[in-house]
Amino acid sequence: MNVEAQKRAAATRAVEFVRPGMRLGLGTGSTAKHFVELVGERVRAGLDIIAVPTSEATRADAERYGIPLTTLDETPELDVTVDGADEIGPGLTLIKGGGGALLREKIVAAASGRMIVIADESKAVETLGRFPLPIEIAPFGYGATEKAIHSAIAGLQSPGPLPLRRTKDGHAFVTDGGHWIIDAALGRIDDPAALARALAAVPGVMEHGLFVGIAQMAIVAGPDGVRIVER
Ligand SMILES: O=C(CO)[C@H](O)[C@H](O)COP(=O)(O)O
């Protein structure tokens, strides 16, 4: 199985957890996209669900596939969110936000009774941090916020470079919420819970991509098949 087939296999297994009448959170990214497409197939075959997308990109996909959508204002509690991840560490701690949707992804996951992560085997790691940690910030006060993020990280571990995410044409990448993203190159994160608390305390940080104690299950697909990890 190549990587794309692994993503598809994880998404296919996740669809088995979807029941009629469920309120779903739909994740963002290339793996979640498979799940959205598969849910769309089942909706067209008669499955009755409603869903909240975690990004405008996923909203567009879901609309294209005919999935009935709602909002967290109309439906503040969801049954299950299925989403991808950039890294899955011990205890189902995650790094998310490679696609820039971390704020909505965390809000939707936190509003869900259960979060199921779907991924190919390359995402499973022993220690988080090789993937740069996305930190979503308010554009206002960028310089001061970056300095405060540096200090917050330095209180716990060696802070690496804190580059601002940019588009190909050099402009700051802007999230669906109108914010910017710093991709913190940390190398390794020894204490994800402590780092999550420290970053959440920085004014100007809208959200960070560490998901600690949020996911209950990961469906990880490798070349030889799919395995399920539960917390
Ligand atoms: O957090 C995310 C988007 O903000 C994605 O879930 C994460 O980047 C994984 O994406 P992919 O499935 O394309 O590897």
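Just so it is clear, glycine is given a Cβ too, placed from its N, Cα and C backbone atoms.
What TrEMBL says about this protein:
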- Thr28, Gly29, Ser30, Thr31, Asp83, Gly84, Ala85, Asp86, Lys96, Gly97, Gly98, Gly99, Lys123: substrate binding site (BINDING)
- Glu105: active site, proton acceptor (ACT_SITE)
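Each of the binding-site residues Lys96, Lys123 was scored by the number of other CB atoms within 10 A of its CB, and the lowest score belongs to Lys123. Comparing Asp83 (substrate binding site) with Glu105 (active site, proton acceptor), their Cα atoms are 8 Å apart once rounded. Within the set of binding-site residues Lys96, Gly98, Lys123, Lys96, Gly98 have a CB atom less than 6 Å from some atom of ligand 1.
Each of Gly27, Ala32, Ala101, Glu105, Ala119 belongs to the same chain as Thr28, Gly29, Ser30, Thr31, Asp83, Gly84, Ala85, Asp86, Lys96, Gly97, Gly98, Gly99, Lys123, is absent from that list, and has a C-beta within 8 angstroms of the C-beta centroid marking the substrate site. Compared over the binding-site residues Thr28, Ser30, the count of CB atoms lying within 10 A of a residue's CB peaks at Thr28. Cα separation, Gly98 (substrate binding site) to Glu105 (active site, proton acceptor), rounded: 11 Å. For the pair Thr28 (substrate binding site) and the residue listed as 'active site, proton acceptor', the Cα-Cα distance reads 8 Å.
Glu105 (active site, proton acceptor) sits 17 Å from Lys123 (substrate binding site), taking the CA atoms of both as reference points. Counting every protein chain shown, 21 other Cβ atoms lie within 10 Å of the Cβ of Gly98 (substrate binding site).
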